[in-house]
Amino acid sequence: MAEGSNSSFDDPRLSPSSKKQPGGWRAVKYILANETFEKLASMSLIANMTVYLKTKYNMEGVLLVNVINIWSGTSSFMSIGGALISDMFLGRYLMLLYGSISSLLGMMILTLTVIVPKLRPPTCIGQINCIDPSLWQLSILYAGLTLMAIGAGGIRPCNIAFGADQFNTTTKEGRSQLESFFNWWYFSFTFALVIALTAVVYIQTNISWVIGFAIPTACLLVSIVIFVIGHHSYIIVKPQGSVFVDLVKVITAATRKHRLDCSRCSFYDPDFHPRTKQLRCLEKAAAIADQNELDEDGKPKNGWRLCNIQQVENLKLLLGMMPVCLAGIGCFMTMDQQTTIGILQAIQSNNVLRSGFKIPPGWMGLSPMIALSIWISTYEILWVLQTKKLTGKAKRLTMTQRINIGLISAMACSIVASFIEKKRRTAALKHGSFKSPMSILMLLPQFALSGLVEAFAAVAIMEYLTTQLPESMRTVAGAIFFISLSMASYLNSMLVNIVHKTTKKGGKTSWLGGHNLNNDKLENFYYLAASIEAFNFLYFNLYARRFIATSCTINEESKEDQHNNEDQI
């Protein structure tokens with residue numbers, strides 16, 4: 001039998017739906033086409049949602065920020081549920097299919113809100129006298145956004161993994177094909193993102209919202225059709241269980257045995273996994289309190305009462321990473337602020353160039369992408385290659401250095417945004433206009449700095465999670481990253497609400513809120529955000545950064561012990 005072939009329907013990697021050998025590039029061509037259309041659809045709506053809610057739903061600042069942040073946070077948090085359901089019950093193919101259908105239904109509802117005027121409040125008179133959306137109008141909008149969030153939760157944790165399932169990574173050819181697949185996946189993602197942020201956003205803003213929403217809805221329908229057509233060629237992996245459940249088992253077992261004295265206990269450790277000194281209380285989950293906890297083969301009768309040491313150590317390692325992830329949440333808050341409040345600034349800035357061309361406010365989202373791309377190109381081509389030529393060894397910035405640069409960029413982003421906002425508002429008040437005469441291009445620096453936050457901090461934290469966790473916990477790494485994004489969105493919403501309620505007391509001018517930024521003092525909010533980032537910088541350097549070194553050391557020791565065990569075998 002040829003290497004890497006599938007010979008039995010008992011193999012969870014085999015799809016019985018075709019007589020031909022499933023998987024490989026035969027399947028991936030459908031997956032990449034599906035991914036391109038799906039991303040084009042989703043990003044076309046996400047990129048310009050702030051502008052849509054502001055201009056068509058007349059949402060005042062606080063409500064708009066709440067809606068966008070809660071929707072974004074829920075979409076990220078739903079990914080955890082999607083991963084669990086996929087790994088334990090449905091499998092990745094069905095999870096992707098159901099998630100896509102949910103997203104399509106959500107997009108259809110949002111498209112209806114554009115087509116049917118009664119589903120929205122009337123247009124503002126002079127951009128100031130605005131009628132707020134009614135409860136039933138908001139209910140329809142929220143229904144569409146909820147279905148899209150549920151769909152995102154099913155798609156995000158499964159799309160790359162399903163493509164990776166199509167290759168046999170036990171062979172050299174399979175590993176090479178997988179690497180090529182990742183390159184093509186990122187190419188398709190970038191292609192879709194550029195089209196969404198340029199052509200579709202332009203159509204929505206300057207031509208027609210109906211056409212602009214119909215295009216992504218049609219694209220998602222096409223992506224589902226392509227995905228289903230390719231069913232016969234896929235390797236469909238059966239659900240194998242989730243590592244998330246193992247982590248919950250450890251917490252449950254340790255809680256049940258919290259009064260157990262482990263000074264003389266033996267531990268269930270079939271793989272002779274090394275024990276670390278941190279969080280020894282969790283080791284009670286692996287303590288054998290009674291020999292009756294084991295069956296005749298020496299295995300636990302109940303995995304919720306007795307776990308093995310490796311499960312315990314995995315949870316310890318994960319908890320040890322939380323301080324670094326908390327620092328990351330602060331950075332992600334800055335990124336979120338630009339996708340909402342930054343776009344509101346763009347809406348009230350002069351977007352007409354001397355040539356007469358109108359720049360869609362949603363195009364500001366291109367700035368972080370461009371800044372990120374310029375940095376990566378400069379870093380990889382100039383810095384890394386030049387240091388290798390000069391010293392004979394490529395020198396790269398450490399993980400700690402990159403996170404620190406990201407934290408400083410986050411502070412700089414808020415400070416620059418505060419100065420630019422003060423200039424924008426002063427010019428608007430001087431001319432007595434809703435839109436400031438200040439050019440929208442003046443906002444580019446703050447959006448570019450937001451891109452550098454992602455290029456340094458976000459990428460470094462994702463790398464930290466991925467490289468320091470065992471291969472069996474890579475899914476958890478992605479989940480923790482999504483949870484961090486989710487928490488950033490929720491905290492941003494909480495911060496905006498607290499600031500709004502606090503600053504408007506006593507009839508004072510609120511820092512943000514209302515339909516017109518010119519009546520607020522948004523620059524003060526940015527100063528507050530910069531202060532939070534400064535505190536985050538101190539927190540990371542005085543406390544959290546030590547956990548990077550600790551987890552790296554533990555991971556290296558674990559790998560060394562594993563290699564020693566393999567050599568002995």
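Note that Cβ sites are derived from N, Cα and C of the backbone, with glycine treated the same way.
Curation does not apply to TrEMBL; its annotations are automatic.
Residue ranges 63-86, 279-302, 327-350 are listed, and TrEMBL annotates 63-86 among them as transmembrane segment. Segment contact is absent for the transmembrane segment (363-382) and the transmembrane segment (135-155), given fewer than three CB pairs below 8 angstroms at sequence separation of 6 or more. Distant neighbours of the transmembrane segment (184-203): 28, 32, 35-37, 39-40, 43-44, 47-48, 160, 163, 211-212, 215-216, 360, 362-363, 365-366, 369; these residues of the same chain sit at least 6 beyond its ends, with a Cβ under 8 Å from one of its Cβ atoms.
Contacts between the transmembrane segment (63-86) and the transmembrane segment (403-420): absent, as fewer than 3 C-beta pairs lie under 8 angstroms at sequence separation of six or more. Where the transmembrane segment (440-461) meets the stretches 93-115, 135-155, 209-230, 403-420, 473-491, the count of C-beta pairs under 8 angstroms peaks at 403-420. Packing against the transmembrane segment (209-230) from elsewhere in the chain are residues 27, 29-31, 33-38, 40-42, 44-45, 48, 52, 56, 96-97, 100-101, 103-104, 107-108, 110-111, 114-115, 196, 200-201, 203: each is 6 or more residues past its ends and has a CB under 8 Å from a CB in it.
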